[in-house]
Every structure is written in C-alpha cells, then in structure tokens.
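Q: Before anything else, here's the structure in question.
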Amino acid sequence: MSSVDVLLTVGKLDASLALLTTQDHHVIEFPTVLLPENVKAGSIIKMQVSQNLEEEKKQRNHFKSIQAKILEKYGTHKPESPVLKIVNVTQTSCVLAWDPLKLGSAKLKSLILYRKGIRSMVIPNPFKVTTTKISGLSVDTPYEFQLKLITTSGTLWSEKVILRTHKMTDMSGITVCLGPLDPLKEISDLQISQCLSHIGARPLQRHVAIDTTHFVCNDLDNEESNEELIRAKHNNIPIVRPEWVRACEVEKRIVGVRGFYLDADQSILKNYTFPPVNEEELSYSKENEPVAEVADENKMPEDTTDVEQVASPNDNESNPSEAKEQGEKSGHETAPVSPVEDPLHASTALENETTIETVNPSVRSLKSEPVGTPNIEENKADSSAEAVVEEPNEAVAESSPNEEATGQKSEDTDTHSNEQADNGFVQTEEVAENNITTESAGENNEPADDAAMEFGRPEAEIETPEVNESIEDANEPAEDSNEPVEDSNKPVKDSNKPVEDSNKPVEDSNKPVEDSNKPVEDANEPVEDTSEPVEDAGEPVQETNEFTTDIASPRHQEEDIELEAEPKDATESVAVEPSNEDVKPEEKGSEAEDDINNVSKEAASGESTTHQKTEASASLESSAVTEEQETTEAEVNTDDVLSTKEAKKNTGNSNSNKKKNKKNKKKGKKK
C-alpha cells in the first residue's frame with residue numbers, strides 16, 4: 001500500500017469551504033469540516049493520501065452478491081400462465097378450478113374468466129379463491145372457458161377448456177351432502193348411498209363444498225346449530241328429502257326438487273319409498289359365482305358315466321374278462337344310484353320317470369334295468385328277463401303322453417342300446433357259462449353277473465317299438481278329429497246353392513218388360529195419322545198442329561206409363577214367389593221355365609188389350625184435338641185485341657189486318 005505526503009497552506013477559510021495552496025501555487029478547495037481544529041488562514045497543513053486494497057476487495061464482493069440476488073429474483077422466476085381444470089359438470093352448471101397463481105416478481109392486476117370468447121366475470125381474490133361455480137347453463141350444450149391473467153410483466157392466457165352439460169338422464173354430476181336424518185322414518189345412510197350408486201352419482205359427502213348440488217336431510221330440530229345446513233342455505237343449495245334420490249332412481253332421470261322440499265306436500269313421498277337394504281343383497285352377486293362352479297362340477301361325473309356306458313360294449317367283444325372287471329367297477333359305482341332291487345317295482349319306477357323330463361338318460365337306463373339276485377342259472381335268468389320286459393312294456397302302455405318328450409331325449413340312448421342288444425345275444429351264453437363257473441366264488445362275483453346283465457340288454461329292442469306305436473296311436477285321433485271339420489263345411493256350400501237359383505227367375509222376369517214396350521210404340525202410330533188431314537188445311541194451321549202435338553205428347557206418355565206398370569206388376573209377383581219357397585234345386589229349374597211361359601202368355605194377352613186401348617186412345621185424341629183448336633181460336637181473339645191497339649197507331653195497316661182476321665175466322669169456322 002503506497003502513500004503520498006503533501007504540505008498545504010490555508011489561504012482562505014470559510015464556514016464550509018477552505019482554499020488551500022500548494023507549493024507549486026495550485027489552489028485546492030477542501031471542506032473545512034475535515035480540517036483540524038484551531039486552523040486559521042496562513043496555517044500549514046500536512047496531508048497523507050494512501051490506497052486501501054483490502055477494503056476494495058470487500059466492497060467488490062459485496063456488490064457482486066447484490067447483483068446475483070437481483071438476477072435471481074427478477075430474471076429466473078417469470079410469471080406462469082394459469083392452469084384451468086373441470087371439477088364437476090351437471091345439467092345447468094359447472095365447477096371450474098385452477099392451480100395457485102405464480103407471478104414471480106410481477107404484480108397481479110386482474111384475473112378474468114372468458115366464456116366462448118366473451119368476458120364472463122372477474123374473479124375476486126384470485127390468490128385465496130381457486131374455484132368458481134358457473135350456473136344458468138343450457139342442458140346438453142357445449143361450452144368453452146378460458147382464464148386471462150393480467151400482471152405487471154404482461155398478459156397471460158390459460159388453455160381453453162371445452163365441456164358439455166349433461167342430459168336429463170345423465171346423473172353422474174349429482175353430488176349429495178348428507179345432513180341429519182330422522183331415525184323414526186327408517187331411512188339409513190346405506191339406502192341413500194346404494195341409490196346414488198345405482199344412478200351413477202358421485203359418492204356421498206359429509207361436508208358442503210362448492211361442487212355440492214343437493215343437501216339431503218329430513219330432520220330440522222337443530223337447524224341453528226347445524227353448520228353444514230347453514231352453509232348450504234348460504235350457497236343456495238337445494239335442501240331436499242331423501243326420497244328425491246329414490247325418485248331419480250325410479251324415474252331414471254333427474255327429477256325436479258319442487259315436490260321434495262322439507263315444507264312441501266308429503267303425498268308424493270309415498271310413491272318413492274326406499275327398499276330395505278340387507279347385507280345378503282350386497283353379497284348376492286358374489287354368491288352366485290361359486291354356486292355356478294359347484295353345479296358344473298356336479299355335472300362332470302354324469303357326463304363321464306355316459307361315456308363309459310357307450311364305450312363298454314365294444315370292449316366286451318374283444319376281452320370278456322376285462323368286461324367282468326369293468327362290470328364289477330360299474331356295479332359298485334351304480335349301486336347307490338339305483339334305488340330299486342326287485343323287478344316288480346321297476347314298472348312303478350318307470351311311471352315316475354315319465355313325469356320328470358329332466359332325468360339323465362344314464363340314470364333312466366339304470367333304473368329301468370332290475371338288479372338280479374346272485375347265482376342265477378340260465379333258465380331263471382331268461383325267465384326273469386322276460387318278466388321284466390313285459391312289466392316295463394305295460395308301464396309304457398299306461399304312461400301319459402308326456403313320454404313323447406322323454407322319448408325324444410332317449411333317442412341317443414336307444415341307439416347305444418341297439419348296439420348293445422346286438423352284442424348282448426352273443427354275450428348271454430358266455431355270461432351264463434361264466435355264472436356257472438363263478439358260483440363257488442361267492443358274493444364277490446355278484447356285481448360281475450349284474451354288470452353282464454346290464455351290458456347285454458335285450459330290453460331295449462322291445463321297449464322302443466312300443467313307444468313308437470304309442471306315439472303313432474296318439475297321432476291317429478288327431479287325424480280323425482280333422483274329418484268332422486271338413487264335413488261341417490259341406491252344408492255351408494249347399495246353403496249357397498238356393499241363393500244362386502233364386503236369382504235366376506229375377507233375370508227372366510226382365511224379358512216380358514222388354515216385350516211390353518212394343519205395344520207402346522204401336523200406340524204412337526195413330527197420333528201420326530191424325531196429323532195428316534191437318535197438314536192439308538193450310539200453312540197457319542200447320543203451326544198450331546205442331547204445337548198441339550207437342551202438348552199431347554205428355555198425355556200419351558202418362559197412358560204409356562200406366563200400360564207399362566201393369567205387366568211389370570205381374571212379372572214382379574212371378575219373380576218374388578219362387579224365392580220365398582223352399583224348393584229343391586232340380587225342381588226350381590222346371591218351375592222357372594213354367595213361369596217364363598206364363599209370363600209370355602200374359603204378355604200376348606196384354607198385346608191384345610193394348611190394341612183395344614189404342615183405339616180408345618185414338619178417339620180420345622181426336623176429341624182432344626178439337627179442344628185444342630178451340631183454344632187456338634181464343635188465342636186468335638187475343639191477337640185481334642192487340643191488333644186493334646196497333647191500328648190506332650198505324651191507321652194505314654188496320655184495314656189489311658182486319659181482312660186477314662176475317663179470313664182466319666172463316667177458316668176456323670169451317671174447321
């Protein structure tokens with residue numbers, strides 16, 4: 001460390017500043033505070049200046065540490081964008097949450113929630129509140145939410161969150177907080193939780209949270225002391241009875257809470273009572289699985305025995321000694337299965353088997369075969385076999401029609417028994433010889449004899465045809481029952497025949513009607529003849545005659561209608577009579593021909609009468625023509641009156657008109 005010594009002279013001394021001069025006549029301003037006391041102008045001062053290196057190092061290190069802290073605080077921890085999450089979604093609301101804000105060295109200005117790109121709300125106290133509930137949404141509608149964080153370091157956006165409100169049948173968003181329950185109403189927590197699990201709702205809560213949708217209770221005795229109930233009221237959470245949960249389960253959709261408030265009418269609650277919950281019901285599904293396994297295990301031995309019975313006859317053909325050993329084994333195994341030992345009881349056992357459709361074919365075959373007594377000779381064995389064969393046949397004949405169903409099931413066993421029967425006749429002789437040789441063996445060989453009788457079954461051939469015969473006999477009455485049905489349809493066909501025959505005379509009755517029109521045409525001829533002399537008279541008369549013929553035509557029509565009515569009445573009476581009578585179809589054809597002949601005769605007589613009537617009508621028409629001429633004269637007189645009136649106006653033409661009128665009068669008088 002180096003130092004410098006300098007001598008200075010005080011030139012001027014002020015209160016704050018002193019002027020010092022060097023030996024080189026340089027002036028230095030120096031604060032008077034640093035000068036020693038009792039210094040005056042002209043005093044010489046010695047000043048020593050030196051460098052402190054140690055202090056320089058300390059100061060440098062201290063500065064670096066401060067600079068590192070500043071970089072760590074403001075350079076490494078930057079503000080992070082918010083992370084938005086979905087807590088719960090219901091039909092009309094949703095609950096959103098976000099992680100705590102990380103601003104670094106920046107300061108928060110605001111936190112804003114945007115819905116579908118539109119500013120929705122400003123979140124108050126964003127450092128304390130990290131969740132918000134948005135209500136008033138539409139059912140089954142998609143929504144998009146996003147947070148905007150504004151800080152002193154800039155603006156940060158969260159990722160967009162897309163959600164969809166639930167349908168009315170989706171109850172996965174229901175969150176129930178359980179309150180106090182009345183023990184007298186016999187509704188437990190297990191019943192409510194079981195209903196919630198059935199509808200797929202969220203687990204039952206014990207404390208009210210922001211995602212709580214319903215508060216369930218039915219006891220309000222301690223309303224003031226229950227903090228959860230007060231909090232539910234403060235958060236506008238609906239307070240409902242437990243039956244509301246049951247109603248949602250029954251209806252399979254979310255139900256309105258209006259009828260389930262604590263002060264609402266309780267008549268609705270009767271329809272939504274909770275079923276009793278037992279532990280057995282909860283473990284019922286678990287108990288079903290081992291039961292099914294045990295049932296499968298019980299079926300396995302039955303299937304194996306059927307396979308052994310089918311395979312045993314083929315083995316006996318090759319090795320009869322092995323058949324005896326297998327017969328001993330099967331005899332010991334099947335002995336406890338067959339409860340009948342006497343052949344007399346075999347028929348009753350078969351009758352009981354017919355009523356049961358689910359009996360295994362292996363068990364049926366064991367029951368149908370009697371277990372013989374040990375040490376039987378050939379003749380005794382044959383006689384006992386025949387007796388046993390006859391008794392089951394009687395039982396089959398007396399059995400109910402339900403054997404048809406059992407017979408179908410035993411078709412598989414019959415096919416095996418037929419193969420066994422073919423081999424059985426060959427083996428019976430060998431079995432008989434073996435029985436004679438084994439008489440001295442004692443009781444140990446008894447199962448072998450029984451098994452040999454089982455393997456050689458002549459019974460199967462006799463049982464099967466009788467069962468088929470009974471089936472055929474049962475089908476025969478069904479065919480006979482259809483015959484009277486066909487006979488009952490025959491009279492129906494015969495009953496339609498008289499109806500067809502009754503229509504025939506009606507068609508024939510129309511013929512005389514056509515014939516009756518002919519005289520009517522003839523009646524019009526004299527009218528034409530009467531008009532001929534009128535045409536010879538003169539021109540003005542022709543006009544009047546044409547008018548009269550037109551007037552006379554309705555009269556002729558009326559007379560013609562009367563003439564037509566008479567033969568029609570006759571034909572109608574003829575046509576109606578045969579339809580009312582009950583006559584055989586053969587006789588009806590002849591009667592119809594007679595009626596047609598009678599009608600033709602009456603029509604011929606009618607023609608003669610019509611000719612007479614036409615003559616009378618001609619005379620009547622001539623008189624009518626004279627009457628019409630008189631009417632024409634009256635009309636002419638009216639014309640004269642009109643002509644006189646016109647004569648007053650036209651005097652020149654009056655004379656000519658009078659002459660014409662006189663001529664017309666003369667002609668009229670001549671007529």
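Note: Cβ is positioned from N, Cα and C throughout, glycine not excepted.
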Q: Among the residues S362, S368, S617, which does Swiss-Prot list with the feature phosphoserine?
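A: The phosphoserine feature in Swiss-Prot corresponds to S362.
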Q: Where does Swiss-Prot put phosphoserine, among S312, S338, S553?
A: S338
Q: Based on the annotations in Swiss-Prot, which residue of S225, S579, S643 is described as phosphoserine?
A: S579
Q: Which of the listed residues, S267, S347, S384, S619, has Swiss-Prot annotated as phosphoserine?
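A: The candidate carrying the phosphoserine note in Swiss-Prot is S384.
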Q: Quick one: which of S330, S417, S590 has phosphoserine in Swiss-Prot?
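A: Of the listed residues, Swiss-Prot records phosphoserine for S590.
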Q: Among K497, K584, which is annotated ubiquitin cross-link in Swiss-Prot?
A: K584
Q: On the DSSP side of things, how many residues of the domain 'BRCT' (166-262) fall into helix, strand and coil, could you say?
A: 34 helix, 10 strand, 53 coil
